[in-house]
Amino acid sequence: MIILPAIDLKEGKCVRLYQGDFKASKVVAEDPIEVALKFKENGAEYIHIVDLDGALTGQIKNLSIISSIIKTINIPVELGGGIRNLNTIDMLIDAGIERVILGTAALNNRGLVKEAVKKYDRKIAIGVDAKNEKVAINGWLNVSSTNYIDFAKEMENIGVRNIIFTDISKDGTLKGPNLNQLKKLNESVSCNIIASGGIKDIEDLKVIKEMDIYGAIVGKAIYSGNIDLNEAIKIINKESSR
C-alpha cells in the first residue's frame, strides 16, 4: 500500500481544514515547497496536493507553487481542486503532474471524464467525496443526490482506474476513517481505491492495508505529529513484504 502525504494549498500556504470547512482552515506551514521536500526526505514516493482556492473557484490558483514543488522534489504528484476542463488537464500533465483528480467536473460532466480517460488513462483519478453517502461537489459546499457507490460504479464503467474516497465528516478530525464505507466501495468496484479522511495513527494505516486498499492519504496526522511519515512507510512496506 502506498502512503501519500497531503499538501492542501490556500493562498500559497499549507493549510488543514476540519470536515472540509474553509472557514476553519488553519495554516500548518508557510512554505509548501519545504514541506514537500521534507516528505521526500522521509521516504514519500507520491504526494497528494489539493488547490483549495481552485476547488472553490473552479480555476487552478496555486499553479506557480505547484510547478515549483514538481521541479524541486522529482517524485510523482497528484493534484485535485478546480480542474474543470480538458485544457486544464492538458496543461497540468504538460507541467509534470502525474495524476489529475476530477471531482466536481466528473459529476457534472461525464463527457469530460470519457475524453480525459481516453487520452490519459491511468493519469486520471476521480475524487469521490461523500457526505452521508452522497457525493459532494464545489469544494464540498454542495451535496448532490448521487450515492457514492453508484457514482464510483459509473466512473469504473467509463474506464476510470483510480478513485480517491473521502468521507467528509471524517476529514481533518483525527477520529479514524470511515472503514464501513471504504469496505463497501472497495467491494463494489475493481478500481484502485485511495482512502482519505480521518486517518489518525499507524494502526488506522494497518487496518486500511489489511482491507487490500491501494493507497492512503495522510494529512493532519503528519502535521500534528500523530504519524511519523518515515516510520509509517517503513512499517507498511515491511508488512507488504511478509
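From the backbone N, Cα and C atoms, a Cβ is placed for every residue, glycine too.
Note that this is a predicted model, so its numbers are computed, not measured.
So that you can see what the record holds, here are the features copied from Swiss-Prot:
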type	residues	note
ACT_SITE	ASP8	active site, proton acceptor
ACT_SITE	ASP129	active site, proton donor
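It is ASP8, among the active-site residues ASP8, ASP129, whose Cβ has the fewest other Cβ atoms within 10 Å in the structure shown. Spacing of ASP8 (active site, proton acceptor) relative to ASP129 (active site, proton donor) is 15 Å (Cα to Cα, whole number).
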